[in-house]
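Data block below; observations after.
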Amino acid sequence: MYGRDPWGGPLEINATDSATDDDRSRNLQDLDRAALSRPLDETQQSWLLGPGEQKKKKKYVDLGCIIVSRKIFVWTVGTLLVSALLAGLITLIVKTVPRHHHRHSPPDNYTLALHKALMFFNAQRSGKLPKHNNVSWRGNSGLQDGKSDPSVLMKDLVGGYYDAGDAIKFNFPASFSMTMLSWSVIEYSAKYEAAGELNHVKEIIKWGTDYLLKTFNNTADTIDRIAAQVGIGDTSGGSSAPNDHYCWMRPEDIDYPRPVYECHSCSDLAAEMAAALASASIVFKDNKAYSQKLVHGARTLFKFARDQRGRYSAGGSDPALFYNSSSYWDEFVWGGAWLYYATGNSSYLQLATHPKLAKHAGAFWGGPDYGVLSWDNKLAGAQVLLSRLRLFLSPGYPYEEILRGLIQLNHGRPQPLQYVVNAAFLAALYSDYLDAADTPGWYCGPNFYSTDVLREFAKTQIDYILGKNPRKMSYVVGFGNHYPKHVHHRGASIPKNKIKYNCKGGWKWRDTSKPNPNTLVGAMVAGPDKHDGFRDVRTNYNYTEPTLAGNAGLVAALVALSGDKATGIDKNTIFSAVPPMFPTPPPPPAPWKP
């Protein structure tokens, strides 16, 4: 007979078996316990299962750590194999079939030119050069500056920058250059970062401000002199005494005396140096000790400027031949504005916005030079700088009235190029100010000018310099394929061939018609004449000589126009030291008189 086994299959029972049902039940329970105590192999299971049930049995695969159904195992392995084949096929297609995908846009011309324009400052360094200076034909120079002149108080005047194609160090244009570079970093640090040049430009600024701190007693609260210039260039009267203009030598080979010019009454220079240190203190605000050192120096210099009135280039001095200052009133406005931003001290703002000071600086009269920012006239820059207050902080009375003005860029000179780049920077910057203030433009008299007009003006000026001009020539060395090859520059024109050419020995390199053996990358030359004419001649500095001040303006304009316009300016960093402004209510109107 057959009985039902608890395993589910039929179990044949011998007919002669006389065991009772209870006994069989107990035997089956014992069998259950035995089955649970050890697993049955496939053969043993087949003894218990009937032939019909065997056909329905699931098959399993032992993977060591787990046991899975063979059906699931086969499906899983098959799926993985098919997926691998598909992935391989797709990869093969992607690699072999031509594809059109979006790549990152290449850097714009302004960014490319910015990289080169900054390198000019590396080539102009004086002193012991850093290892990463990256100008192979330059070396240490001017290591005796200050020490060789027994008449001066400041003995260590090593460092700083050579002004142009010579080896003179002029504090006046150099300070303006550092101020312009610092201003551009404060406004456009994000753009410098995007271009990979933020650390580089900050190194350039610090090289300049470290030197400026050496030219006066920067630890004192009161000073009586500044070392305004190292080296001289006066060759009038037929003098053949070796100096930085008579001789044509590599700076590394200079062996003639380099006198130091000190000034004791130099308001313009001191106020400009104060502007340079104050603006740089904002750039280096994260370096608290250095920033405070710069602020203290700026305060000391500005106090000296106000106490000891006078022009640094008065009296037929050597600076008057090259960088003659027309007045010091504009530097008072400029320096006062920067000191206000650096310190938050409202006394500096009261001075910078005082109507009488503005009047002396020429803020209320026109003329061809009105609105032209340069190393000599900072009024236009100061006006744009102070317009920040009106646009973003609404200072109210008594500052509101004096802050209404804006430079008239249409008065700007077309040549030389250093004036053009400064105007382009101010135009682009003010355009970004208006955009940041959600202002579509501004009125100049009855005419409305949109922010796009300002920015387009800036672009046309810089595009001209980069090659979009009648001569199809770039006036920035190393940019494009057609640029000046005979730059008026001693270091670039004399080969580095282990031969020391003396004062007159270098004249043959000055006068040769061959291109310069060394490329002065990024140097913006003086530029063409008013008829777009240009002569690539080394001996004509009016065409081919670059300057620190010119390149500083170029860098500022390039970074303002570079990259994504949506990046805009940094609205807040310049106000980091400025306390909240609570405008004073205007005075009541005068009593009515019948």
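Backbone N, Cα and C atoms are what each Cβ position is placed from, and that goes for glycine too.
Since the structure is predicted, the reported quantities are computational estimates derived from the model, not experimental observations.
Annotated features in TrEMBL:
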REGION    1-25  region 'Disordered'
TRANSMEM  72-94  transmembrane segment
DOMAIN    110-558  domain 'Glycoside hydrolase family 9'
ACT_SITE  His488  active site
ACT_SITE  Asp536  active site
ACT_SITE  Glu545  active site
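On the structure: features taken from TrEMBL.
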residue: His488; record: active site; CB count, 10 Å: 26
residue: Asp536; record: active site; CB count, 10 Å: 15
residue: Glu545; record: active site; CB count, 10 Å: 20
Can you tell me how far the Cα of His488 (active site) sits from the Cα of Asp536 (active site), in Å?
-> 9
